[in-house]
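Structure first, then comments.
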Amino acid sequence: MESHSRLEPSQTIYDGELQSQMDLNLLPPSPAPPSKIKSPLPPRPPNPLKRKLAVDALLDNPASAVSDSGVKVIVRMRPLNNEEEEGDMIVQKVTGDSVSINGQTFTFDSVGNTDSTQLDVFQLIGVPLVENCLAGFNSSVFAYGQTGSGKTYTMWGPANALLEENLSSDQQGLTPRVLERLFSRINEEQIKHAEQQLKYQCRCSFLEIYNEQITDLLDPSQRNLQIREDVKSGVYVENLREEYVCTMKDVTQLLIKGLSNRRTGATSINAESSRSHSVFTCIVESRCKGKADGISRFKTSRINLVDLAGSERQKLTGAAGERLKEAGNINRSLSQLGNLINILAEVSQTGKQRHIPYRDSRLTFLLQDSLGGNAKLAMICAISPSQSCKSETFSTLRFAQRAKAIKNKAVVNEVMQDDVNHLREVIRQLRDELHRMKANGNTQADSTGDYSASWARRSLKY
Ligand SMILES: Nc1ncnc2c1ncn2[C@@H]1O[C@H](COP(=O)(O)OP(=O)(O)OP(=O)(O)O)[C@@H](O)[C@H]1O
């Protein structure tokens, strides 16, 4: 399969985020052994301070601060299944990056034919994702498509491919391949930069959104978890379990546990249809010391691997009862995602500001950084080649085309000890200033006329 990557080369900025002492202390001198702990902190997406400082950095150095990246979109066509016949095939791959259906041609970054392999997808999406992650970028992959089109197969592979004896199976999906590559690259980097004491640490969470409720797949007794947002942590899921991982064995155990807890059910199209959106997240933190200056640098990046529930026409799938209610919820949240993508595509194309309705659904609220924000995004759009899926395939290809128009703004999430020290010093000075003014009962400018108390208070919030 040909690669048509439009991901830009990694670029680095030092965005000077002030992380809390607690965050910095999360990194031990050497990788922590795998431990089953409740996360000491909620998942920590880039916070508003980081965004603010990233903008400042952009102003200082507009050429290199932000990677203004388009969404990478690949289409993967699954093989015909046992009920479908050769003559039913209405979709053809035309070139490495285009596909035709009923005489209409669509072009993406890459198109995988019915014989494309799990390795092909990994090389197109997984390899650059791991490199971006090590460079400090957040990265997300969404698998989108109608029920039975191959999203779950692509993202995880068949369940038995995760068993220890099958770990080298060519059926293995994108997620285990990404984590395996991540550990091997981390190992290489740590050896290569041993002099700079480069150390990495990874922790994972796994959740599903079912009927607009979030369940922790690593601890399914935790249902109806709430999404919170605050100035320090940004958007996070309260009480979501995170587990430290050091080896593939740790990861496969989490994947097996999480996947077996997912809500699945049979539809007439797919005997084991995922009835929820599932989100596997790996947070990668690193620290190292500069060779020349001895200054510590900390990087954090987040990988989100998202298997969306499949869109479906109830008439086609014969859904009834509970399945029908689920299908209604699935279709509603996918249509909210589609609506959001339309708006983001319009904003990217016209440059006009518009309200972005992230809060319309749990999925878009939780993954707002992946959609038009601080993350590199890849979409795998899964389609069926069969006549019976024609209208769903058209709908997926149109969705994929709109997604292609979105521009994300990914920044390297790096902070230097110098920045931390400097900001701590600024805070100390502002605190002193505030105390002095309070002691003097003065809320206006001080004797030098430099600061007012309200200004100082406002500054302390950041
Ligand atoms: N590229 C492929 N090669 C071989 N088999 C595939 C491929 N893609 C999908 N399949 C098979 O097709 C069936 C449906 O795939 P899968 O469960 O991944 O669909 P899905 O899009 O996740 O569906 P849903 O949205 O209903 O969960 C499975 O039996 C899967 O093994």
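Even glycines carry a Cβ here, placed using N, Cα and C.
Unlike curated entries, TrEMBL annotations are predicted automatically.
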Expected hit for coiled coil in TrEMBL across 161-188, 217-244, 329-356, 413-440 is 413-440
Based on DSSP, name the secondary structure state of LYS151 (ATP binding site): helix, strand or coil.
helix
Average the pLDDT scores across the domain 'Kinesin motor' (70-406) and report the rounded value.
91
Near SER149 (ATP binding site), how many other Cβ atoms are within 10 Å of its Cβ?
27
Give me the count of other Cβ atoms within 10 A of the Cβ belonging to GLY145 (ATP binding site).
29
